[in-house]
Protein chains: 2
Amino acid sequence: MATLEDIGVSAAINILSAFAFLLAFAFLRIQPINDRVYFPKWYLAGARTGSPGSAGRGVIGKFVNLNFATYFTFLNWMPQALKMSEAEIINHAGLDSAAFLRIYILGLNIFVPVTLLALLILIPVNVSSGTLFFLRKDLVVSDIDKLSISNVRPKSNRFFVHIGLLYAITFWTCCMLYKEYSYVASMRLRFLASQQRRAEQFTVVVRNVPRASGKSTSDSVDHFFQKNHPDTYLCHQAVYNANKFAKLVRKRDRLQNWLDYNQLKYERNPEKRPTRKTGFLGLWGKQVDSIEYYKHQINVLEKRMALERQKILKDSKSILPVAFVSFKSRWGAAVCAQTQQSRNPTLWLTNWAPEPRDIYWRNLAIPFVSLTIRKLIISVSVFALVFFYMIPIAFVQSLANLEGLERVAPFLRPVIELHIIKSFLQGFLPGLALKVFLYILPAILMIMSKIEGFISVSSLERRSAAKYYYFILVNVFLGSIITGTAFQQLDSFLHQSPTEIPRTIGVSIPMKATFFITYIMVDGWAGVAAEILRLKPLVIFHLKNLFLVKTERDRAKAMDPGSVAFAETLPSLQLYFLLGLVYAVVTPVLLPFILVFFAFAFLVYRHQIINVYNQRYESAAAFWPHVHSRIIASLLIAQLLLMGLLGTKKAANSTPLLAILPILTFYFHHYCKHRFEPAFRKYPLEANC
Amino acid sequence: MATLEDIGVSAAINILSAFAFLLAFAFLRIQPINDRVYFPKWYLAGARTGSPGSAGRGVIGKFVNLNFATYFTFLNWMPQALKMSEAEIINHAGLDSAAFLRIYILGLNIFVPVTLLALLILIPVNVSSGTLFFLRKDLVVSDIDKLSISNVRPKSNRFFVHIGLLYAITFWTCCMLYKEYSYVASMRLRFLASQQRRAEQFTVVVRNVPRASGKSTSDSVDHFFQKNHPDTYLCHQAVYNANKFAKLVRKRDRLQNWLDYNQLKYERNPEKRPTRKTGFLGLWGKQVDSIEYYKHQINVLEKRMALERQKILKDSKSILPVAFVSFKSRWGAAVCAQTQQSRNPTLWLTNWAPEPRDIYWRNLAIPFVSLTIRKLIISVSVFALVFFYMIPIAFVQSLANLEGLERVAPFLRPVIELHIIKSFLQGFLPGLALKVFLYILPAILMIMSKIEGFISVSSLERRSAAKYYYFILVNVFLGSIITGTAFQQLDSFLHQSPTEIPRTIGVSIPMKATFFITYIMVDGWAGVAAEILRLKPLVIFHLKNLFLVKTERDRAKAMDPGSVAFAETLPSLQLYFLLGLVYAVVTPVLLPFILVFFAFAFLVYRHQIINVYNQRYESAAAFWPHVHSRIIASLLIAQLLLMGLLGTKKAANSTPLLAILPILTFYFHHYCKHRFEPAFRKYPLEANC
């Protein structure tokens, strides 16, 4: 177990590395050449076309910042990040981003008073109790433990202070959650109401349109809605399976880009018309005029596209049993989205249409029975993934060891047998499979969510986030507290009584505080600092710039602002809430680290949202109910674990006191769910008149 | 443990007592004097006014059946009960009753093939295995056990026959459930569509109307719906708190009855006008002419009622924040009932209005926050009631013993000390508290449901049925299998691993088969036979007839047909499904007893529904989703318990095979829920155009 000094050293290292990242960021971001990496949002918003003041600075000035004064104000992005008001952020980056920042504010609101309270009350209580001082010296006890609940004598009455504090923390957290839920809900309703008249507000997506014999899908949609919504139905848009057409469009864009490139080349150098060869990749064949060639190719392609278009429109098989139905009023759409249309509840399923950017087209036409089966398969797979993911990895690891490698590829033996390479591989290979797995995990989860059949990208991301949260909860939180693989844990839990489980976990919690403090510093502090540096997009942008960029359009494409990766950031954020709430009464020393994380991450993400990210879609904070319910779940876990921990401390007379708390918390959740969730799921008619 | 002979004796006794009941019924029902007890439904339907052919039979013939031929066909009610077709039953008694009968048909559909299959396959497998024959003779083994799974050697491969059979049974049950759910759902939709145009089909009940300052509730309802449903809104009906008025109405009815009685008396005996005294209960005071007196009293009362009526209509405080809003079309009402009206989802809550008979008026005006708290309190209370109900009863029992009685009432000592009385009391008193509790339990559960705040009688009954089911499941099913109070069970379950619980229960299941066979005969066979006899209504009717009946209206009132007590019959029916499914593979000998119960109860209830019961309300089979999901729950319980049982039989290699089954069953339920439940909860617009 680590002493306070160890923690101090670790903190120093992480703070230094975070500072190094920040310095690198400060240096890189003021170089004009990186402008499109660190301020892409402004290019997209049209506020910038070149880096500020780059004109008239010569060739070098275009790439390197020569204004040395700016180097000394390397932290000035922080006040800049705070300058923009929330309303401006909603205008600039959308409600999703603004609501995402509210999570950090919620974290600060919850944890600032909790930290103060816990440190001021619990540390004196824990330290002065001092059972651990009497223990034998050779039993390794860390300084952190002296400040934690472990230091309190069993059966002590002081545990009532901890219980009282947990009550206070639960109460405060619930207050903040309520306030925030209500704030975000009203923000959402205001946002939806204030939007310009947009097509999706008048539109409902209808799935599982039944195929009537002798009638086209289009006709039956028309007939059905004219009959059932005679006053409000306006028109509908059928959905075609146009994968082939889309391929042609992509090809046309590629050719257009080459044409632009050649025309640009010709403009710069009017003496010589650019030429190319007609063969594979332009490497051999007849020499032709490039501009003429591409113009001709585009012409041919456009004719093919027109043909394909006709074919799709004529072929009744290419019409999917889905339609976007538009209404004359928002009210009509709200009514249609919320009501059941058909006697058979698996047909004519209506939902408010996601905005066009948000639609995941490939899932629109999945029939109802298939959806049920998909859900079954995916939930079994997620369970397997969470608890048994170590099995295939161990298998790959056993393959990937040196003997296995030598057996598979005997010709590599001389190389492998070299001492340096051997030791490197032996240290490196076993971990590699796990690293690769963890790196691709979000992608795997996203694929699983896609198979599950949700029709909007935003719901896909929310489902992936849920799956990732379960994974983190079991494999990071529980996996760090109880050693052994998740599968072993599952097995031991199944053979343990339900009252024993919180005890088994609870008793190890105080011992793992130092581990989690280190985790917060590495994953939280340094991770956030790395986030602002954008190392990967930076490298990719410059690589693309060097090798691929031909036209201005290419440069705009190479500038990839990306979106906030909700599917990954939300679950890891929720882990911090969980850690904070669990350790608040157990080892309050952990709380300041979490506070620093929330404050720092808030600044960084505010900066990123203002300057970098460009959300792919706008779901109007649809993820908030998940944020809320997972913080409630964290509260419940914290309460159960404290119950288990106090059980081992023989403070059994406190159990009834603690048992009330989860019930109350659960009902608070129940109340909030009914009070606010409809704002995120339903569409009040009042707002749509 | 009972031998086959014991069971035979018990069966004989129960069959005899059932026959005695049936004979008594056959005898009593053909007496004209009992006609209103056994055929009240026909009086209410207007098809009968006196008993058939009672005219012209003299005074005795009016009371006693003198046609001796009818005594010899004492079972002829059975074919009569089967004669009416289902469509006629729906017309005659409503859809609730018809759907209730479908539960018995479902039971027969499930258990006839299951019984045949299980008896033909399992009994040979179990008997020929014969481990129990080798056991020592002094270990008491019943004959029943030789036919059960206990007889199979541990680790035997024969267990795969049981598992295969459980698969077959699960598959068959699911098929039947699906068929029946689909049938009942279509029956419901047809029923709702075929109904005459009735007010409640155009009406929505709106609760939690916010109080706007300076506006009456009525005005704000009008304003809100004219704004949000401009095309379809017709009018609304405010709800007044008219408890005082209702009291006056009851009083008026009482006086009117007295007036009728006196007028009748005067008509029969025109010489003497009836008189009464004005004092208390007509015992003293001034002698007055009765007819004049009551006419005057009614007059006075009607003036007071008119005043009270004015007062209520004027006083804004007597208007409750509830309204019945009517629409121009069913479509408008369907839209309003299914959509969220207000931005604040706790205001303007709309639901399809229950039919007027079905409304539970007192719960209409409960505000949203109060509802949440009520739900919390009631769910905690139900949990406490199910698991700790023995505690207060033990307390009462300890009070009600003789020493306690003597201490409280010393003057009783000489009586109590008498030997006969003492032994009677000692045998009787301790059980009395429990008997009283079980008798009033449905009433307690109904009160709990009322506190929970549901607004229709039908939903109150459904909620009571759910609570009663939990009670039966824990205290009858589990309580009989595992000895000890429910509280002790709960305690031991909490300290046991979750995989151990099915084992603990599973291992005792085969041993309790004889107990449950006896239970089925006593509670099922004899209970159903007692149901048809209607002893309590019979006695009450004759008592009322003797002492209270003054006018024809009183006689109609004394004839209390009652309704099927769904809150009690549904849960006990569900217990039979549970027993049948659990014992199908364990002790198949139990199945024929269940079959007999289903067939017999079907006949009896068909007869009762045709001739006796008059449903208070019509919910259009709204209870079916509960029936379905509880049979699914029974399947899951059966599967888990067989898993536990086989675990103790060391047939561990079969566990994975069995573990798949609950998952598949659960997903079948999930599918059915989405496929059919909307027919019971939502209102398809298609059907309401």
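Here the Cβ of each residue, glycine as well, is placed from N, Cα and C on the backbone.
Just so you know, TrEMBL annotations never went through curation; they're auto-generated.
Per TrEMBL, the feature transmembrane segment maps to A:6-28 (among others).
Residues or ranges marked as domain 'CSC1/OSCA1-like N-terminal transmembrane' in TrEMBL: A:7-180.
If you look at the transmembrane segment (A:103-125), the same-chain residues 6 or more away from its ends with a CB under 8 A from one of its CBs are 147, 149, 152, 158, 161-162, 165, 168-169, 172-173, 176-177, 180, 570, 573, 576-577, 580, 584-585, 588-589, 591-592, 594-595, 598-599, 601-602, 605, 627, 631. Sequence annotations record features per position, and here TrEMBL assigns transmembrane segment to A:103-125 (among others).
Beyond its flanks by at least six residues, the transmembrane segment (A:159-178) meets 106, 109-110, 113-114, 117-118, 121-122, 125, 149, 152, 581, 584-585, 628, 631-632, 635, 638-639, 642, 646, 649, 651, 654, 657-658, 661, 664-665, 668, 672 of its own chain at Cβ-Cβ distances under 8 Å. What TrEMBL lists as transmembrane segment is A:159-178 (among others).
For A:201-363, the entry in TrEMBL reads domain 'CSC1/OSCA1-like cytosolic'.
Residues or ranges marked as domain 'CSC1/OSCA1-like 7TM region' by TrEMBL: A:374-646.
What TrEMBL lists as transmembrane segment is A:376-400 (among others).
Residues or ranges marked as transmembrane segment by TrEMBL: A:420-447 (among others).
As annotated by TrEMBL, transmembrane segment applies to A:468-487 (among others).
The annotation transmembrane segment is assigned in TrEMBL to A:575-606 (among others).
Sequence annotations record features per position, and here TrEMBL assigns transmembrane segment to A:627-648 (among others). Under 8 Å from some Cβ of the transmembrane segment (A:627-648) lie the Cβ atoms of residues 103, 106, 149, 159, 162-163, 166, 170, 173-174, 177, 180-181, 469, 499, 501-507, 509-510, 570, 574, 577-578, 581-582, 584-586, 654-655, 658-659, 661-662, 665-666, 668-669, 672-673, 676, all in the same chain and six or more residues away from its ends.
Per TrEMBL, transmembrane segment is recorded for A:654-672 (among others).
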Using a Cβ cut-off under 8 Å, which residues of the same chain at least 6 positions beyond either end of the transmembrane segment (A:575-606) come close to it? 18, 78, 81-82, 84, 89, 100-101, 104-105, 107-108, 110-112, 114-115, 118-119, 122-123, 144, 147-149, 162, 165-166, 169, 173, 472-473, 476-477, 509-510, 513, 516-517, 520-521, 524-525, 528-529, 531-532, 564, 630-631, 634-635, 637-638, 641-642, 645
Average model confidence [pLDDT] within the domain 'CSC1/OSCA1-like cytosolic' (A:201-363): 83
